[in-house]
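Dumping the structure here so I can ask a few things about it.
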Amino acid sequence: MPEPAQAEEVNKMFGTVVVGVGIAGLARIRDLMNPMPSSPSEHLKLFGFVSRRSFGNINEAKQISLEDALRSKEIHAAFISTENRTHEETIRMFLEAGKHVLVEYPMALSAKAARELWEMAEQKDKVLHVEHIELLTEEYKQLKKEVAGKDLVKGTLHFTGSVLDENKAGFPAFSGIARLTWLIDLFGDLTVTSATREKQKDKNYSRMTVHFQTANKKPLTWIEERGPGMRREKKINFCFTSGCLENFPQAPKSAVGLFMQDQNLFAKKLLGQVSKEELAAEKWRILRCLDLAEVIQQHCEQPEKICS
């Protein structure tokens, strides 16, 4: 049930702006201009987009300045699709201007900054929603069903992908936080037991290996590997007392796109249609993953111990 104070939100329209027009930003513009019929997204109205580059218009969406977006009384919410390193500053600006915020993951590149932003949103009574579309894929939904109720013995999640510019994307534990989110969502809270990183600068290659323990002291490993020409794919090997899962279960294709699903969830939050329990669980998961990402980065950046 919506909170009484939010009941009047049900008929409300929320003016939105998209900040950043890379792949995600363009998808956001498309979905805001073509909301799913009879979905919460019909309460969102796109007023324009902000970009450092000059576009003029994109599919009838007009380009506006950052200052106008922050100042406009008609804009109630910002969709932040900029590079990772600028998320923190951009979220802060829009919250300070009294706007709701949807931001692509990771919301910040430090756990402290993320907590400060969350507190700020709560103080201002604004929705701060972090996109985690990796939890919305049919592949993941099927995997979660497959894993449910099984006792883990050990497991590995291995991701490969092309090279990222770390100056823009952040340390791999942050840019790859979607993998960490999967592990926390599947197996509950984790503790980092060790983390190392191999880098071959001349080959533009990087491999981060993280070892965790579950609350039941079972080992989990996350490998994040990137290099030129590496295919984007995930491999799993989860062993349970009942047997091992080495391939993703077959999953149907979703009728609704991932960004649209995420947009509907954001709109539901604006309309007060998401329970306090769900919001609290999501906040815990997001901040916990960022805490762990920071611990992983600290482990990886420790100077090598030299044994004499």
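The chain as shown is numbered from 1 upward.
Including glycine, each Cβ sits where the backbone N, Cα and C put it.
According to TrEMBL, the protein has these features:
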- 15-132: domain 'Gfo/Idh/MocA-like oxidoreductase N-terminal' (DOMAIN)
- V21, G22, I23, A24, S51, R52, R53, Y105: NADP(+) binding site (BINDING)
- 140-252: domain 'Biliverdin reductase catalytic' (DOMAIN)
- C289, C300: Zn(2+) binding site (BINDING)
Between the Cα atoms of V21 (NADP(+) binding site) and C289 (Zn(2+) binding site), what distance do you get, rounded to the nearest Å?
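Distance (Cα to Cα, whole Å): 26 Å.
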DSSP helix, strand and coil counts for the domain 'Biliverdin reductase catalytic' (140-252)?
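Helix, strand, coil within the domain 'Biliverdin reductase catalytic' (140-252): 30 helix, 50 strand, 33 coil.
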Quick one: pull the CA-CA distance for R53 (NADP(+) binding site) versus C289 (Zn(2+) binding site), whole Å only.
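Counting only the Cα atoms, the answer is 33 Å.
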Long-range same-chain neighbours of I23 (NADP(+) binding site), Cβ under 8 Å, sequence gap at least 6?
none
With NADP(+) as the bound species and V21, G22, I23, A24, S51, R52, R53, Y105 as its recorded binding residues, calculate the greatest Cα-Cα distance and give it in Å as a whole number.
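Answer in Å: the longest Cα-Cα distance is 22.
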Between the Cα atoms of C289 (Zn(2+) binding site) and Y105 (NADP(+) binding site), what distance do you get, rounded to the nearest Å?
11
Per-residue pLDDT averaged over the domain 'Biliverdin reductase catalytic' (140-252) comes to what?
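Here the predicted model's pLDDT, averaged over the domain 'Biliverdin reductase catalytic' (140-252), is 97.
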Looking only at C-alpha atoms, tell me how far C300 (Zn(2+) binding site) is from G22 (NADP(+) binding site), rounded to the nearest Å.
30
Can you tell which of R52, R53 has the most other C-beta atoms within 10 Å, given these are the binding-site residues?
R52
Given a separation of at least six residues and a C-beta threshold under 8 Å, show me what packs close to G22 (NADP(+) binding site) in the same chain.
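Listed in sequence order, they are S81, T82, E83.
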List every residue in the same chain as S51 (NADP(+) binding site), at least 6 positions away in sequence, whose Cβ is under 8 Å from its Cβ.
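Set apart from S51 (NADP(+) binding site) by at least 6 residues yet with Cβ under 8 Å, we have V19, G20, V21, G25, Q63.
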Give me the DSSP three-state residue breakdown of the domain 'Gfo/Idh/MocA-like oxidoreductase N-terminal' (15-132), ordered helix, strand, coil.
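Counts, helix then strand then coil: 47 helix, 30 strand, 41 coil.
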Starting from the Cβ of C300 (Zn(2+) binding site), draw a 10 Å sphere and report how many other Cβ atoms land inside it.
19
Using a Cβ-Cβ cut-off under 8 angstroms and a sequence gap of six or more, which residues of the chain neighbour A24 (NADP(+) binding site)?
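The answer is S81, E104, E131, F259.
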